[in-house]
Amino acid sequence: MKNAKGWISHAFNLTILEKNRYSWVDYLRGVIILLVVYHHAYLGIERSGIPMPETVGKANMIFYSFRMPLFFIISGVFTTISLSKQSVRDLVFVKYDKILYPYFIWAFIQVTLQIFMSHFTNSDRTFHDYLYILYQPKQLDQFWYLPALFNATMVFIFFKTKVKPNMWLHLIIGFALFILAPFLNDISMMSNWMRFYLFFVIGDLISGILFTKTLQQQLKKPVTLLIFLPVFIAAQVVYLHNNVGVKAMETTIETFHGDNTLYALNELNFLFTSLIGCITLIIMAFLLEKWNKLSFLRVIGFHSLYIYMIHVIVVGLVRSILVHFLHFTNPIVILLCVIAFGVTIPIMFYNLLGRSYLWFLFSTRKKTRMEVVSKQAVPIQPLTPAHSPANRDIRST
């Protein structure tokens with residue numbers, strides 16, 4: 001029994017629960033990555049020809065409205081802090097090592113598997129799809145996010161260190177990129193980061209106040225969540241009514257038959273709904289930190305990057321086994337199963353193999369034990385002006 005507990009602790013890296021970390025960040029990432037896995041699990045089942053309940057589809061549309069913007073906001077919060085602690089050269093290498101390098105590795109692996117296992121998957125891949133890795137990551141399922149995050153980070157570093165615009169000008173630039181992005185959908189290596197760069201800048205904007213003791217105390221009050229919930233619900237009702245949903249990233253002016261007004265309203269609707277959803281989820285994360293509940297979300301959140309890279313492969317494989325070999329037909333049972341495996345298997349794969357024998361699948365170099373321990377230990381005590389994030393050891397994707 002003791003050996004079994006030790007194995008589980010190692011496979012899921014449960015020691016991170018004992019480390020000093022910003023728990024609310026791990027809670028946020030945990031919730032978001034669950035929603036990402038939900039999205040791809042839902043799409044896979046639907047494309048398999050299995051009818052899905054309407055409520056499941058609407059939930060997918062609601063989750064879409066804020067899950068990816070929140071990832072960029074979190075990154076924006078911590079990138080400025082990282083710039084105050086690292087040289088530009090070091091930070092660029094860290095981002096390449098953690099984001100872009102694994103993107104090339106895992107995108108190649110996933111496309112290869114989808115080509116040679118096409119009889120068991122919903123994908124229709126050819127060898128031409130390898131070229132998408134270089135310029136059209138939106139065609140590679142979940143992998144669009146990694147180059148988008150890397151590119152947004154590089155542009156942000158350039159603006160912060162070279163151009164140095166004031167915050168308002170930076171927000172205007174971000175908003176302009178947000179509006180222009182859909183016109184470049186044919187080159188998603190460009191359009192993806194442009195669409196979400198505004199959220200990255202917003203993360204930078206709130207980084208100065210998000211760690212203040214006064215704001216954190218306010219965010220940890222249940223009444224704050226109660227105040228925002230009606231706004232969140234109202235925003236989602238409007239969002240669903242306008243049927244923006246999962247098509248938001250693919251919209252262009254042509255989608256609205258050249259009507260600039262409808263196009264602008266659609267973009268503003270998505271932006272407003274996204275921000276309300278992000279605020280609501282941030283409040284929930286601080287409440288979970290206060291109550292210290294659902295700790296499994298912290299474990300999931302810590303491993304969110306590895307789950308993101310691997311989950312589509314796992315989800316597709318598990319779905320194929322359930323549908324084609326075990327002949328499962330209940331969509332809810334299939335959905336829950338593929339989500340469970342899509343989250344747990346990547347975590348175990350990384351901890352049992354990725355940190356040791358197969359380290360090269362995740363990084364250009366094998367991390368030392370000291371580096372691994374240092375990454376896990378991020379202080380979580382309330383901050384005062386004298387103990388700002390810039391003076392502390394914070395690591396983020």
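Any Cβ shown, glycine's included, is placed from N, Cα and C.
Sequence annotations record features per position, and here TrEMBL assigns transmembrane segment to 21-41 (among others).
Over the domain 'Acyltransferase 3' (23-350), the average per-residue pLDDT in this prediction is 90. Under the heading domain 'Acyltransferase 3', TrEMBL lists 23-350.
Feature annotation from TrEMBL assigns transmembrane segment to 61-83 (among others).
For 103-122 (among others), the entry in TrEMBL reads transmembrane segment.
Taken from TrEMBL, the feature transmembrane segment covers 142-159 (among others).
Annotated transmembrane segment per TrEMBL: 166-184 (among others), in sequence order.
For 196-215 (among others), the entry in TrEMBL reads transmembrane segment.
If you look up TrEMBL, you'll see 222-241 (among others) marked as transmembrane segment. Among residues of the same chain six or more beyond the transmembrane segment (222-241), those with a C-beta under 8 A of the stretch's C-beta atoms are 58, 61-62, 65, 269-270, 272-273, 276-277, 279-280, 283-284, 287.
If one looks beyond the transmembrane segment (268-288) by at least 6 residues along the same chain, the residues whose Cβ comes under 8 Å of a Cβ in the stretch are 23-25, 27-28, 31-32, 65-66, 69-70, 73, 178, 198-199, 202, 216, 219-220, 222, 224-225, 228-229, 231-232, 235-236, 238-239, 242, 244, 248, 294, 297. For 268-288 (among others), the entry in TrEMBL reads transmembrane segment.
Taken from TrEMBL, the feature transmembrane segment applies to 300-326 (among others).
Packing against the transmembrane segment (332-353) from elsewhere in the chain are residues 10-13, 33-34, 37-38, 40-42, 44-45, 50, 52-53, 56, 299-300, 303, 306-307, 309-312, 314-315, 318-319, 322-323, 362: each is 6 or more residues past its ends and has a CB under 8 Å from a CB in it. According to TrEMBL, the feature transmembrane segment maps to 332-353 (among others).
Remark: the transmembrane segment (103-122) contacts the transmembrane segment (142-159), by the rule of 3 or more CB pairs under 8 A. Two recorded stretches are said to be in contact when at least 3 C-beta pairs lie under 8 angstroms, sequence spacing 6 or more; the transmembrane segment (196-215) and the transmembrane segment (61-83) meet this definition.
Sequence-remote contacts of a segment are chain residues at least 6 beyond its ends whose Cβ falls under 8 Å from one of its Cβ atoms, and for the transmembrane segment (21-41) they are 59-60, 63-64, 67-68, 70-71, 74, 141-142, 246, 281-282, 284-286, 288-289, 292, 294, 296-302, 304, 307-308, 311-312, 315, 319, 335, 338-339, 342-343, 376-380, 394, 396.
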